[in-house]
Structure formats: C-alpha cells, structure tokens
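Undergrad: Pulled these features from Swiss-Prot for this protein:
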type	residues	note
DOMAIN	13-102	domain 'SUEL-type lectin'
DISULFID	CYS14-CYS45	disulfide bond
DISULFID	CYS23-CYS101	disulfide bond
DISULFID	CYS56-CYS88	disulfide bond
DISULFID	CYS69-CYS75	disulfide bond
Amino acid sequence: ELVSQLCLKKERVCEGSSLTISCPQKGAGISIARAIYGRTKTQVCPSDGATSNVNCKASNALNVVRDLCRGKSSCTVEASNDVFGDPCMHTYKYLELSYDCSK
C-alpha cells in the first residue's frame, strides 16, 4: 500500500483536544498513513517543562486511528491517554496524523 508522501494531508493537535479529519470528495474514504501519539519534537505543542522527553510514542497509535477512521468520510480522534494509553508519564503529548482520501 504505497501512498505518495506528497499528497498526504498532515494534521496535529495537542493533548486534551480533538482532531477531526475528513474527505469531502464524494465516495472517498480516509486512509491513515501515519499516526503518532506522544512526543518526538520539543518545539511542538510547547508546555511548561513537560516537553523534554522526545522519545515517546504510543505503539498502538496507528491501529487505534485506523480502527476509528478507516474508510469513513469523516472521523474525530481525541488526543488523550484515555484513547491511546499513556506512553510517557509527566510529558505533554500531541497527536499527529498523516492521511489521504482514497476511493
């Protein structure tokens, strides 16, 4: 399943918020290419002191988001430990998705 990286849409939301992605074209469904819940960069979603751990990723993020969104025209994912579990305590996390719309 090769998806050209160029046509992927990329969305990001900080922990505690929800992200809604959609495929407005008729008959198109969401196909998730990448999903990260955690922290891999310090400068994203800045917070007081809880951003130094950049080796933090929920291992289940891609499967969770695919289960929620696969084939739908729109879906909402909450960036929270309730959804993904907590991959690293005391770290302010974010959710980053790359997706495209496939017919």
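Placement of Cβ uses the backbone N, Cα and C atoms for every residue, glycine included.
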Undergrad: Roughly how many angstrom lie between the C-alpha atoms of CYS23 (disulfide bond) and CYS75 (disulfide bond)?
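TA: Checking the Cα atoms of CYS23 (disulfide bond) and CYS75 (disulfide bond) gives a distance of 9 Å.
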Undergrad: Relative to the Cβ position of CYS88 (disulfide bond), how many further Cβ atoms are located within 10 Å?
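TA: There are 16 of them.
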Undergrad: Where does CYS56 (disulfide bond) sit by DSSP, helix, strand or coil?
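TA: Reduced to three states, the DSSP call for CYS56 (disulfide bond) is strand.
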Undergrad: What is the interatomic distance between the Cα atoms of CYS88 (disulfide bond) and CYS45 (disulfide bond), given in whole Å?
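TA: Cα-Cα distance, CYS88 (disulfide bond) to CYS45 (disulfide bond): 16 Å.
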Undergrad: Fewest neighbouring Cβ atoms within 10 Å: which of the disulfide-bonded residues CYS23, CYS75, CYS101?
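TA: Selected from the disulfide-bonded residues CYS23, CYS75, CYS101 on minimum Cβ neighbours within 10 Å: CYS101.
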Undergrad: Using a 10 Å radius around its CB, how many other CB atoms surround CYS56 (disulfide bond)?
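TA: Summing over all protein chains shown, CYS56 (disulfide bond) has 18 other Cβ atoms within 10 Å.
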Undergrad: How many neighbouring Cβ atoms, not counting its own, are there within 10 Å of the Cβ of CYS14 (disulfide bond)?
TA: 15
